[in-house]
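These notes concern the structure reproduced below.
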Amino acid sequence: MADRTAPNCHLRLEWVYGYRGHQCRNNLYYTAAKEIVYFVAGVGVVYNTREHKQKFYLGHNDDIISLALHPERVLVATGQVGKEPYICVWDSYTVQTVSILKDTHTHGIACLAFDLDGQCLVSVGLDSKNTICVWDWRRGKVLAAVPGHTDRIFDISWDLYQPSKLVSCGVKHIKFWSLCGNALTPKRGVFGKTGDLQTILCLAGARDEVTYSGALNGDIYVWKGINLIRTIQGAHGSGIFSMNACEEGFATGGRDGCVRLWDLNFKPITVIDLRETDQGYKGLSVRSVCWRGDHILVGTQDSEIFEVVVHDRNKPFLIMQGHCEGELWALAVHPTKPLAMTGSDDRSVRIWSLIDHALIARCNMEEPIRCAAVSTDGIHLALGMKDGSFTVLRVRDMTEVVHIKDRKEAIHELKYSPDGAHLAVGSNDNSVDVYGVVQRYKKVGECGGSSSFITHMDWSTDSKYLQTNDGSGKRLFYRMPSGKEVTNREELKMVQWSSWTCVLGPEVNGIWPKYSDINDINSVDANFNNQVLVTADDYGLVKLLRYPCVRKGAKFKKYLGHSAHITNARWSHDYQWVITIGGADHSVFQWKFVTDRKSKEAFHLAPQETLADSNSEESDSDQSDVPEMDSEIEQETQLTYRRQVYKEDLPQLKEQSKEKHRAIAMKKRERAPGSGLKLHFIHGYRGYDCRSNLFYTQSGEIVYHVAAVGVVYNRKQNTQRFYMGHDDDILCLAIHPLKDYVATGQVGRDSSIHIWDTDMLKPMSVLKGFHQLGVCGLDFSADGKRLASVGLDDNHTIVLWDWRKGEKLSAVRGSKDKLFVIKINPYCPDKLITAGVKHIKFWQKAGGGLIGRRGNMGRTETMMCAVYGWTEEMVFSGTCTGDICIWRDMFLVKTVKAHDGPVFSMHALEKGFVTGGKDGIVALWDDVFERCLKTYAIKRAVLTPGSKGLLLEDNPSIRAISLGHGHILVGTKNGEILEVDKSGPITLLVQGHMEGEVWGLASHPHLPLCATVSDDKTLRIWDLSPSHCMLAVRKLKKGGRCCCFSPEGKALAVGLNDGSFLIVNADTLEDLVSFHHRKDIISDIRFSPGAGKYLAVASADSFVDIYNVMSSKRVGVCKGSLNCITHLDWDKRGKLLQVNTGAKEQLFFEAPRGKRQTIPSTEVEKIDWSTWTCVHGTSCEGIWPVVSEVTEVTAACLSNDRIVLATGDDLGYVKLFKYPAKGKYAKFKRYVAHSTHVTNVRWTHDDSLLVTVGGGDTCLMVWTHEAEGHRESRHCDSEESDVESEDDGGYDSDVTRENEMSYTIKALSTNMRPMTGVKPHLQLKEPSVDERQGVVRPPVSRALPQPEKLQTNNVGKKKRHMEDLVLDLVFGYRGNDCRNNVHYLNEGADIIYHTASVGIVLNLSTACQSFYIEHSDDILCLTINQHPKFPNVVATGQVGDIGDMSATSPSIHVWDAVNKQTLSVLRCFHSRGVCSVSFSATGKLLLSVGLDPEHTVAIWKWQEGAKVASRAGHTQRIFVAEFRPDSDTQFVSVGIKHVRFWTLAGRALLSKKGVMSSIEDARMQTMLSVAFGANNLTFTGTISGDVCVWKEHILVRIVAKAHTGPVFTMYTTLRDGLIVTGGKERPSKEGGALKLWDQELKRCRAFRLETGQVIDCVRSVCRGKGKILVGTRNAEIIEVGEKNAACNILVNGHMDGPIWGVCTHPTRDVFLSAAEDGTVGLWDISEKKMLNKVNLGHPARTVTYSPEGDMVAIGMKNGEFIILLVTSLKIWGKKRDRRSPIQDIRFSPNSRYLAVGSSESAVDFYDLTLGPQLNRINCCRDIASFVMQMDFSADSCYVQISTGAYKRLVCEVPSGKQVTEQSVIDRITWASWTSVLGDEVVGIWSRNTDKADVTCACVSHSGLNIVTGDDFGMVKLFDFPCPEKFAKHKRFLGHSAHLTNIRFTSGDRYVVSAGGDDRSLFVWKCVHAPH
C-alpha cells in the first residue's frame, strides 16, 4: 500500500521575478543595510543588489498592498487584503515577524505610515468608511480608530515636526487630523480660491505646519495649517503618484514617467525623464520613488524597478522586471537548459535564466498569450493566443516561424510530442488540433471528443497517445496523430506518459480533498524521478504530494506566497526547481527543490524556511499508520458544550416575554420566602472530560471545580468553601505560581475566565469577549502576570492576557483540531505551546498575534498533556499511546514508554516529573525521563481508614496530578479525589458520580442520609452529617433514574432505565426483590406513607403500576395519561396518588386499583399530601418562570413544615418559593451552582438541609437551610425575582422631562421656524428694470449717487471693519435637565459649570469668566477630579449621533480648568450622548454613562484614551453613576427603578442589583442621586423624597421624606464625610430644598434659598469651605453660607427657552432679553450681571428699545404687546389686537410709530403720539407668510419685512401699501438691518442649509459687517453687503442648536446672541481691524 504521509522532501523559495506596481504606491525603499525592500503578490522581498540575493517575508496569507518603513529603516510594516486583513511588522534583516496587528480592518489595508519616533503606526482600511486606525504596534493595541472619509484615501502621513498630528488625502479631499485621547479629529483642508478642489494622491510633511501634496492634474499643492497657500503648477504632466522626503529634499514621481528632485523649500533641482532613457518606453508611469544620497529607486506601473545614480541620470539600471498588468497563464521550461519561458496578457513573452535569476530575452506579440511550449530539441517556442491563433518563434533570436489561426476561442494548452514530430494545440473550442512540425506546421489531425474546453494534455512516451482533461471534468484519450478517440481502455494499460500535467486520473486522485467536487486545482506537474507531484490552485497554495497518490485527500506540504490563483506550475528540466506563476499577481516564483537527503543537513536553515514549510493542516485523511484513538479521548473530542439557551440570553428573553406580562406585574405578587439557602458541601469532581484541574493552595487546602463552582476543600476539617462567580460549567482550572489565585474558564456564548483568590473567594479579574462556546485550557506564566487561554470555537482561538488589567495581549487561531493543553514557557513568557488532537505547536508572541510552528515528528500523535523542562528549549509531552515525547525547540529528540494507554496528566518537580495515565498508575521519574523512580497503583487495598468514601474500581483512569505538602494529589475519571502519601497509603477525600446524568435522589425518613442513582450504573448512599462521605455504593446492570426509601428507612426502591426496578436493603444494598414489567425508563418510584404497604412505580410509557410490597404482586395500573409520567405523590392516607406528566397534566388516581379520579382544584388544596414533589397545579403555578418557553421546571419539593417549596430547572437554578405559590410569577430567591439541569431536589427529614442533584454536572450538592432570623450579610447569594413591580413610588414632571429628553444634535438640526418656499440662495434673481429694458448705464453717472444702504451712526470716526469676535460673557446655566454640574475650584475661588457647548469657569472675586470651547455640541455632564495629583482636571460629556467614533460621535473631554488645555478626548460608543461622568479615587479612571438604548456604562483610562471596560447598564435611563470616593473598582449607578452596585474586575464589570426585600414592603423606585458613607454605606435619593441607605447591596434602612419632593442631587464631602442633599420642595420655616447631613444621614440642617420661587428645585450641590454651592432648575447658581445661611446669587439665566427677543440699548452697554419663561431680563455687560428681571406672566416673544432708550416694547406669544417706561418699569400702555404670537416689534426712528409684526401675516402700525390707548392706525396685509424681522427706513417712511416664505417686502408707513418699484427700494436708506433676506445678504446663506436656516442677522452700526445666527447654533461674521453667494466668513461656535436672535450693541463694541435650545445669552467682544 502506498505511503500516505506527506513527502519528506520540500520546497524553498529562491527567487521572485516581479514587483507590484499596479494599484499601489510608495512601496519601494532602501533599508538601513542599503538593501531594497518591496513586495510582490503575498511576499515581502528584501533584495540585495550587490550580492544579487533575495530574502522573503512570508507572514501574510493574501496580497500585500501597502508598505511603510520604520524611521530607523530596519523594520517594515506591510498590510494585506482579505476578509480579515492584518498588518505585519517585520525585521528586514532577519525577515522575522515582530508584531501582528489585526481585528480592526476589513477588506484590506490601503496605506501605512510610522510616526517620527516609530512608536505609532497609522493604517487606512479599504472598507466603505475608509477607517483610519492608530496602533501602538509593539503591543498590537489600537489607540484610536475613526471613519476616515466617504471616499478612497490614497496616502496618509504623520506630521514629522509636531506630535499627534496626521494628514490624509484622497479622492477630492485632504484632511488634517489631531490625535488626543482615543479621538482622531479631522479638519478638512480648505482649497479656497488658490486651487481647484481635486483628488490628492500623495503627501510629504515639512516644518512649520507646511504640507506638500501631489495632485491628480500634476500640480503640487502647498498647505500651511489647513489652508492651501500656493500651487506649483505643472510639476508633472499628469497625476503625481509618489512623493518621498529625505534629508536633501523631496523626490516626486508621476504618470508622465518623470522623476523630479526638489530642495527643502520645494525649489526644483532636476528632472529625470525615464521615457527618454535607453531602457525607457512610451507609457512608462512612475508609482514609487525613494531618494537616498546619490541613489534614486523608481518603481513603475509595469513591474520594473530602476536604480538611478544622480550624477549619471541618463543611464538608469533596470534591476528588477516582471510581467505587467494582465493575467499570466503561459509557462514552459526549456528541455535542456535552466530557462523558463512565460507569456502573459500583457502580450509579452519573456525568457528567464534560472541560474542568473534574470530576464534574458523579451519579445512583444500582437495578442495576449495564454500558453507556451518548447519543442523537444529546444529550438522552437510555440505560443497559444487568446484570439485562437498560435505563433511559433525561434528561441535563439525570437523571430517568427509561423502564425496560424484555425480557431476563434483562446488556445489554453499546447504541447510538442516527445519525438518532436507533432504539436498538439488545445483550444476553448473543445478540440485539439494536431500539426506536423516538419511539414511547416500543417494540420494533420483533430481530436473532437470533448464537450467542454480543453484544460490539460499529456503525450505518451512513444508519442502515439494523447490524454486530455476538459472543463467538464472528463478525461479522454486519443490515438496520434490522427486524433481518433480511444474507447477501449485495455489498449491503454501499457501506455507510459512522458509527462503528467493532468489533474484527473487515478495517479493523482490524492490531490483532491476527500469530500469535494470542486475544480480549483489549475496545474499539476509530476517529478517521476523523485516520485513527487507539485500542484497549484486557486487559493495561492503550492502543494507537494507523493506521486502517484491514489486515495483522495492525500497528505501534503503546502507553501504560501502567491496571493490568489496560481495558473501554472512546472519542474525545471533537471528537477532542481519548481517554477510557479500567479494569475492576478503576474509574478514568477522560483522554488528550490530540497530532497530528504539534503533536508537532513538543513537543520540550520533560516527560520523563515521552516515557517514556509507548514505541514498540511488542512489535509483531511488520517494517516494510515496512526494507532486507533483511545475511547476516552474520542469521547472527549466529540463532546460539544453547546447550549440551546445560554444564561447570557436570559435578560433579552425576559424583556421579550415581559411585554406579555405587564398586566400581571401590576398585581400584588406573592413575596419570596423569608428563609434562604447556603451551599454547604458538594459531592463531585469533574474528571471525566477535564484534566490537570486539581491543586494545593498556599495554605494546603485543595482547589478544584465541579459544575459551575470553584471548590476550596479543607482536608483537615473536611469542609468546603465556594467560588460562585460562574454561571455555567467550569471546564478548566489553573493555579497561579504563588498558589493563592486560581483561574477558571467556563462554557458560554461569550465565555468568561475568572481569576479569583482562594482565600477571600472574590474575583480579581474577569476576562471576556474573545472565546465563543467555552474555554477549555488555561495556564499562568511563571511570573504570574500573564494568562494563556484556549477557546472551544472551531478555530480553538488562543489568547494571551495581561490578566490583572484584563487586556488581551495577543490572539491567534489555534488549530482546527481540539486542543487539550496550553502551557506558557516558564523562562520566556513570550513563548508557549499547545497540544491536542494529532499535533503539538510551538508559539511565539508577535505584537497582537502569535506565530505558531508545528512540532516535527514524522507522524503526529494526539497529545494529552505537556510540561516545560529544566531549560527554555525542553518540552515533554504525553501522548495518547502512553509515550512521553521529549522535544528540543520543535524537534523530537526521543520518546519514552511511560504508561499503558494515554498519559493524561504530568507535573514537573524540582528534580523530576510525575505522570498519571489511563492505567491508574502514578509514576515518578528522574529529570531526564531515563528512570522511573517509583510507581503507585491506585487500588482499594491501600485505601486508608480515614477515607471519605470507597473506590469504585481498582486503577481508575487518572486525569489530574499535583504535588505538594508531602503528598501526591490525584483526580480520577470516576470523580474521586485521592491523596497519595509518598510512602504508599492512599486517602480518598472527595467523590461524586461518574459521567452520566444523575436523576434519582431520595432522602432518608429519619436519618441525615440520602441515596442517589445515576446513569453511571451505580446506586450510592451518602452521609449528610459533617463526615460528608459516601457510605455505600453498588453497581447496577443498568443506569437508574429514581429511588425512594421505605417509610421506616429499611428498604430502598430503585427504578432502572430498562423498565425494571429493584428493592434493596438500605444498609447493605443487597437485592430483596426485583420486577421487570415495562420497557421504558422507570421515571419515579414511591412507597405509600405509614406502613409503606404499596409501592407506586411510574414509567415513561405513561403508566403507574401499584405493587403490594408484602405480597410482591402488582395490584393495580393507573392508565389515562397522555405522556410519560414525571412526578408522583401519595396523600397522607396512602389512598390517593397525584401524577404529573410530560404534557403538563395533573392527574389523580385511587390506590390500590388505579382508578382515575377528577378532583376540582379547590379540593386538591384541602387534601393532606404526604409529600409534594409535583410541579403542576394551582398551588405551584407561580414557580413557572417568565421565560418558560426555554426552560422547564424539572423538580420540586415541599419542606416538611409546608412553608417553603424548592424547585430545580433546566437552566441550573435552584429556587425557593413561599408555599402555596399561587398566581403567576411568584417572587423567589434563586441560587446558581449547578451548571445545567437541576434534575431533583429533596429536603432532609428535619428540613435542615436541601439536597439537589445536577443532570450533566453529576454532582450532589448539600445546602443548609437558614431560617428567617438567621441572616448573615451574605444571605443574598440569591438574585431577586424576574418581573419588577411597576409601582415605583411617584411621578415628578422634572424627572419625566429629564428621562424623555431627546437631545438635538447640532449637525442634524432642522429649522426652528415653520418656513415655506425656496431658500434665498436658490431663488432666481429677477432682472432689474434697466436690464429688462436693455439700458446700459454709463460707468460714470450724472445721476445722484446711490444713497447709503444703511444710516451710520459713527460718521465722525473712520469706519473700521471687524476682524473677529471673542467670547466675553455668557449668561446662562444648564440646570433644568442636567444635574451635579456645578463645582468649586481652587479652594473655592472659582466655580465651574456649563451651558450650551461651553464649559465656564467663573472667578468669584472679579466676576470674570473664562471658557472651554472645544466641544462640538451640547455638554450634558461635568465632574471634577478630586485627587490632589490632578488639580483642576475637569471632565465634560456631550451629546452626539451614533457611536461610530467619527467626529459627530458623543465624546468626553478631559481638560485643565486653569489653562483650558484639552488633556484627552474620549470618543465613545454611547450613541446619543454621555449623561454622567465620574472620576475614581486615584483620579486615573473615568466612569461614563450613555444615553444609548442599553444605557451603557464604561470605564476609561482617560490619560491614555483607552477604554477599560463597558457593559449594558439597564433597560431604562440611568441618571447618575459615581465611583465610591475610596475606590478605583467600585461604583454605583442609579436610574429609573434601578440601583446597581458595580465592581470592576480586570476588564469586566460585575454588578449586583440592590436587594430591597430585607426591609418589609420596600419597593424599588426611581433613584435619582447617590452619596457614600464609611464602611461600605451607600445612600441613594429617590423620586419620592426618601433616601435609601445600603450596606453593600442590601437595603438597611430608609430615611423617609428627606425632602418632600424628589432628591435630585447629593454630594459627599471628602474631608469630613458630611453629605449635602438637594431636592424639590416648597420653602417653609422648617425646611428647604437644601440640607446638610451628618455622615450617617441621621441628623440634618435645612437651608432656605431666598429665590422667591413658589417651589425650589435644586439640581446640583457642592460643598466647599464653609460654603455650599447650589444650582437650581431656574438656571440660578447660589452660594449659601453654612454658618449664617446667607444666600448669594452668582449666576442668573432664563429657566425656560427659547429666548426669542433681544434688543440692545441705543447708547449704553446694556441689553434686554425676552423668553418663553415669561420674563424679560435686563443685563449689564460691563457689570457682568443681571440688573433686573420683570415677570410678565406670559411667554414673551420680542422686545425693543425706543430710539431714546426711555421706553421698551414687548411682544407676547398670546398676541398682546406691552409698552413700559424704563425709569419706573410701569406699564405705559398695552394692547391685544392679534391672537397669535407677536414675532417682531419696532419703534420708528422718529419715535412716532410702533410697528408690530405677528404670525397672522400682518404688520400693525400704531401712532404713539395719540397716547397710551394705542389704536391701530393701519396695517399691511398682503404678506405671504408670518413676519420674521422688520426694519424701518432712516426717514421712518418705509418698513422692510422678512417673512416665513423667504420673501422680503417693503411697505410704506403708515399706509401699509406695498412698494414694488425696485428702483425706489434701491434708494432707501435703512435705519437698521436685521433681515436675513434680500439681495444685499444672499451671501449669508450657506450651501448646507437644506434642512436648517439662517434665523437672524444684524448689520453693524458702521454698516460694514453683518453677523448672523442659524439653526446649527453658529454665529457668523460677514462683510456687508454680501450679494455674492456663499460669501467668505468667520464662524464662532458655542451655542446649542437654533440661535434665535443677534444684535450689535451701541458703538459696535459687542455682539449679543441668544440661544433657543440652550436658554443662554452669549456676549462677544468685537475686534476691529487696525486703521
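Cβ from N, Cα, C; glycine included.
For 53-307 (among others), the entry in TrEMBL reads domain 'EML-like first beta-propeller'.
If you look up TrEMBL, you'll see 250-265 (among others) marked as repeat 'WD'. Within the same chain, residues 202, 204, 206, 212, 214, 218, 220, 235-244, 271-275, 280, 283-291, 296, 298, 308, 310 sit at least 6 positions outside the repeat 'WD' (250-265) and bring their C-beta atoms closer than 8 Å to a C-beta of that stretch.
For 328-592 (among others), the entry in TrEMBL reads domain 'EML-like second beta-propeller'. Over the domain 'EML-like second beta-propeller' (328-592) the predicted model carries a mean pLDDT of 88.
Among the features that TrEMBL reports, repeat 'WD' is placed at 330-354 (among others).
The repeat 'WD' feature in TrEMBL is assigned to 404-435 (among others).
Summarising the annotation, TrEMBL assigns region 'Disordered' to 606-634 (among others).
Feature annotation from TrEMBL assigns compositional bias 'Acidic residues' to 615-634 (among others).
Here TrEMBL flags 719-979 (among others) as domain 'EML-like first beta-propeller'.
Per TrEMBL, the feature repeat 'WD' maps to 896-926 (among others). Long-range neighbours of the repeat 'WD' (896-926) within the same chain, counting only residues 6 or more positions beyond its ends whose Cβ lies under 8 Å from a Cβ of the stretch, are 630, 632-633, 691-692, 864-869, 876, 878-884, 886, 932-938, 954-963, 968, 970, 972, 980.
Positions annotated as domain 'EML-like second beta-propeller' by TrEMBL: 998-1264 (among others).
If you look up TrEMBL, you'll see 1231-1263 (among others) marked as repeat 'WD'. Each residue in the repeat 'WD' (1231-1263) gets a DSSP state, and the totals come to 0 helix, 18 strand, 15 coil.
The region 'Disordered' feature in TrEMBL is assigned to 1270-1295 (among others).
TrEMBL lists 1279-1291 (among others) with the feature compositional bias 'Acidic residues'.
Look at TrEMBL and you will find 1409-1679 (among others) tagged as domain 'EML-like first beta-propeller'.
Taken from TrEMBL, the feature domain 'EML-like second beta-propeller' covers 1699-1966 (among others).
The repeat 'WD' annotation in TrEMBL covers 1705-1733 (among others). Residues 1368-1369, 1371, 1407-1409, 1692, 1694-1699, 1739-1743, 1745, 1747-1749, 1752, 1754-1755, 1757, 1769, 1943, 1945-1946, 1949-1950, 1952, 1954, 1959, 1961, 1963 of the same chain sit 6 or more residues outside the repeat 'WD' (1705-1733) yet have a Cβ under 8 Å from a Cβ within it.
Cβ atoms under 8 Å from those of the repeat 'WD' (1231-1263) belong to residues 643, 677-684, 686, 688, 706-709, 722, 724, 727-730, 747, 975, 992-1008, 1010, 1012, 1014, 1016, 1022, 1024, 1028, 1194-1201, 1204, 1206-1215, 1277-1278 of the same chain, restricted to positions at least 6 beyond its ends.
Listed by sequence, the residues of this chain that lie at least six past the ends of the repeat 'WD' (404-435) yet keep a Cβ under 8 A from its Cβ atoms are 329, 370-377, 380, 382, 384-392, 441-448, 450-463, 466, 468, 470, 478, 480-483, 498-499. The stretch from 53-307, 719-979, 998-1264 with the most CB pairs below 8 A to the domain 'EML-like second beta-propeller' (328-592) is 53-307.
Using DSSP to sort the residues of the repeat 'WD' (250-265) gives these counts of helix, strand and coil: 0 helix, 10 strand, 6 coil.
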